[in-house]
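Record features (TrEMBL):
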| type | residues | note |
| --- | --- | --- |
| REPEAT | 80-114 | repeat 'PPR' |
| REPEAT | 181-211 | repeat 'PPR' |
| REPEAT | 212-246 | repeat 'PPR' |
| REPEAT | 313-347 | repeat 'PPR' |
| REPEAT | 348-383 | repeat 'PPR' |
Amino acid sequence: MGGNIHIASKYFKSSRKLLSVLDQPCLTRSHINQIHAHFISSGSISDPFAAGKFLLSCVVSKQADLQHAYAVFRSIPNRSTYIWNTMIRAFSEQGESHSALTLFKRMFGWGYLPTNYTFSFVFRACADLCELKLGLECHNLAVKLGWESYDFVQNGLIHLYAVCNCLDCCRKLFDSSSNRDVITWTAMINGYVKSGQVEVARELFDEMPDKNNVSWSVMINGYVQVGLFKEALDLFNDMLNHGFQPNHSSIVVALSACGFLGALDQGRWIHAYIDKKNMELDGILGTALVDMYSKCGCIELAYHVFEKMPHRDVFAFTSLISGLANNGESARALALVSRMETEGVKPNEITFICVLNACSRMGLVKEGLKVFESMTDVYGIKPSVQHYGCLVDLLGGAGMLEQAKKVVSEMPMEPDNHVLGALLNACRVHGNVELGSETVQGLVERGLDLSGVHVLLSNIYASVNQWGYVENVRKKMEDKNVKKDPGCSLIEVNGVVCEFVAGNKLIAEEIELLLSGIDKHLRSYRIDSNIASGS
């Protein structure tokens, strides 16, 4: 059906021709409006079968409009269960979960009994809103009506209970299911992932008879969420080795892991894959690349990706601002803030944290205070404890310890360990023993008796040569069994990230073998004689 073809009423000489028009894949909004007008004038809107097919065309067309579809739904006098299901499904799939549940209640109130398809859409809406109470009521209704054992219903229930962290109910349903498909398995794994039980999730993942891109992505994301970035990349590589093509989701989480590990080679490979597959640099994917390159220290590559993005939102700007500040380019970070305003992109709470961090690194106290005030005065954003922590770091770094202390005492909320930690670090830098000791006491009273706190206090005493106090702090650490967290180093060799932890009794031969390989790799490069001679 061409876009310029006018649909006249005389075209519809029979219901068969009417329904054949609805099968056309290129229906425009204009076509749909004309068909709707004919449905009403001809009385075809009263035929539940024809009306149901028309409503489906409204919600799946390229120019689908939920409000228009709902208007069509309301104009149908004889609504079948199929018609109710179609509208509930449309609301649920388009993120209008409140509307989906409201329509479901109305459907039930008008005497229409839900089917297994109805429940699958309703459970999805309940999951989106974490409506556990309503979900439980609908579960009981599904049992009474005999729909609980159907695949769509069970998958919807497992997803609902997983999202609402009711893992016992979720696992009970999963274990009792006789026909578990990849959706069932993935929903159960996702439940464990969301609750942070990645080891249990991995056990279940390894037992899966069949996996798809979504199940791999869920498990990889689970590792990233709990900070197991090396395991995330290992699993990403396993996915590739099993012949699966990474999708948008798995690429984003893998790039996140690359950034945290500094796995630049792997990150570059993923970037090349994106280019090879002609994947669009949308807001999420582009921002993930910017973040990865920034964390790997390749700020110019991050900037290049940023400039190539067709649409730069607040998250893309914020990611690059953060990257510039963390790579010693605070002046460029502040310039990017001005560009952000020019392009009409409004900063959010995270943007201000990054900008304040940039000001702190450059010692721009006046500018930082102005930025802090503009949060409320210009953008209407109420500063959080993180913003106050940045402000304390800004003032403390500039040696303005009394002003920093005043900020802490006048905060509208209780200072957390980050705020007091920033003040304590400023005391260390400027050798203020009295305020440092007072700050440590405040941290201890809050139960934050951590090794880093005591180490900082010890360093403060050491900076003013008070070695007796240093010894006392170390002794208190021993008495409280507070141990300093071991340092670790990461190195990427041939795309594989290796981790060395201080004090770890690794087999010496393995370390020597790795270092020997690095040595051979370095020796394989020919040294330019001019460089070697210094000429």
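Each residue, glycine too, has its Cβ placed from N, Cα and C.
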Worksheet item: Of the residues in the repeat 'PPR' (181-211), how many are helix, strand and coil by DSSP?
Response: 23 helix, 0 strand, 8 coil
Worksheet item: What are the DSSP helix, strand and coil residue counts for the repeat 'PPR' (80-114)?
Response: 26 helix, 0 strand, 9 coil
Fill in: Secondary structure tally of the repeat 'PPR' (313-347) (DSSP, helix then strand then coil)
26 helix, 0 strand, 9 coil
Worksheet item: Roughly where does the repeat 'PPR' (348-383) sit in mean pLDDT, to the nearest integer?
Response: 93
